[in-house]
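The compositional bias 'Polar residues' annotation in TrEMBL covers 367-382. Taken from TrEMBL, the feature domain 'Sugar phosphate transporter' applies to 11-297. The region 'Disordered' feature in TrEMBL is assigned to 327-382. The transmembrane segment annotation in TrEMBL covers 7-26, 38-63, 75-93, 99-121, 133-154, 160-180, 192-211, 223-245, 252-273, 279-299.
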Amino acid sequence: MIGKPLLLTYLYLLIYILLSSGVILYNKWVLSPKYFNFPFPITLTMIHMGFSGVVAFILVRVFKVVSPVKMTFEIYATCVIPISAFFASSLWFGNTAYLHISVAFIQMLKALMPVATFLMAVVCGTDKLRCDVFLNMVLVSVGVVVSSYGEIHFNVVGTVYQVTGIFAEALRLVLTQVLLQKKGLTLNPITSLYYIAPCSFMFLFVPWYLLEQPVMEVSQIQFNFWIFFSNALCALALNFSIFLVIGRTGAVTIRVAGVLKDWILIALSTVIFPESTITGLNIIGYAIALCGVVMYNYLKVKDVRASQLPAESIPERVSKDWKLEKKSSDLHTPDNSNNTNNVGSNGGNPFTSDSKVDEEAPLIPSSRLSHIGRTQFSGYTA
């Protein structure tokens, strides 16, 4: 019989998969000229950032759910502002890609996330160039190229937007580790939104004023309050669902859930949006890229586990584990709550490599894992 903690974990994973897929499909429906016809991705992203910032402000300042961190001007200027700039850029470019390419093809391009993060980490000096990881990155890149070649409605502009958004998000992840972790600053989901969302909103205001505001004045815009409110609410809920998931599962479980979600999303997108078709070459290319991602995930998880082992010999560790196990069995403590909590203690972090974060909800920092290398845990507004 499935225990209550395990059942709750499966429920959180299901909620994450549903919300992540729903937000992506919802954004596509809102932005697509064929459906709701609101082709203003910067505006949509600003709505999300503004809504999240307001909710976070109310939770922090009015209801005092969490306390704000000690944020000096120096930390804000050197850490929060550059991170917010790249976060805003990744959301802007990612949302703009929906105007030109299908959801299925976007999910296939997102397989490049480990490649982009690895390259940015090597450039910034937070990771070393390793032959095994490099070969995996080559395999992922080849798979994405094959998938792109098989795309019927291939669009250069949309592909450039999506790839640019991926590299902007990768740089944001690396900067988060380099800047925030060195400052010893830890933000939870609410305080992350509290500091980063308003700053991202301001960065988006300039391109919005130059690119979209003049067009919006002369175009026939249909603005439905409930559509945009529910869309922003779903994006916010996704952000918190990822926090629940990484608190109850390990990195491996999160990665498997992310891969499962991508396949479900690709299948759903072809049903909801009939114009997006998948070819056999698409599937073959994505399968090749996925093989590289899975092997990369295995290497990173193995690295994390190795770094968590104490510096003692294997025989000594086996002997110690056997003695502790025997002692605990003699005491007979049937409460397994500690074991359950330990499962989540190795969970991922959207700011680290071993977390599967979502492009739509990446504002959940943690310092549990030390490597950076984001994969496909997809979600906030991209």
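Numbers run from 1 along the shown chain.
Positions of Cβ are set from backbone N, Cα and C atoms, glycine also.
Nobody curates TrEMBL annotations by hand; they come from automatic prediction.
The stretch in closest packing with the transmembrane segment (192-211), judged by the count of Cβ pairs under 8 Å and taken from 7-26, 75-93, 133-154, is 75-93.
Beyond the ends of the transmembrane segment (75-93), by six or more residues, the same chain brings 41-42, 45, 48-49, 161-162, 164-166, 168-169, 171-172, 175-176, 179-180, 183, 185, 195-196, 199-201, 203-204, 207, 359, 362-363, 380-382 to within a C-beta distance below 8 angstroms of the stretch.
No contact links the transmembrane segment (99-121) to the transmembrane segment (223-245), because fewer than 3 Cβ pairs that are 6 or more residues apart lie under 8 A. Most Cβ pairs under 8 A with the transmembrane segment (279-299) among the ranges 38-63, 133-154, 160-180, 223-245 are made by 133-154.
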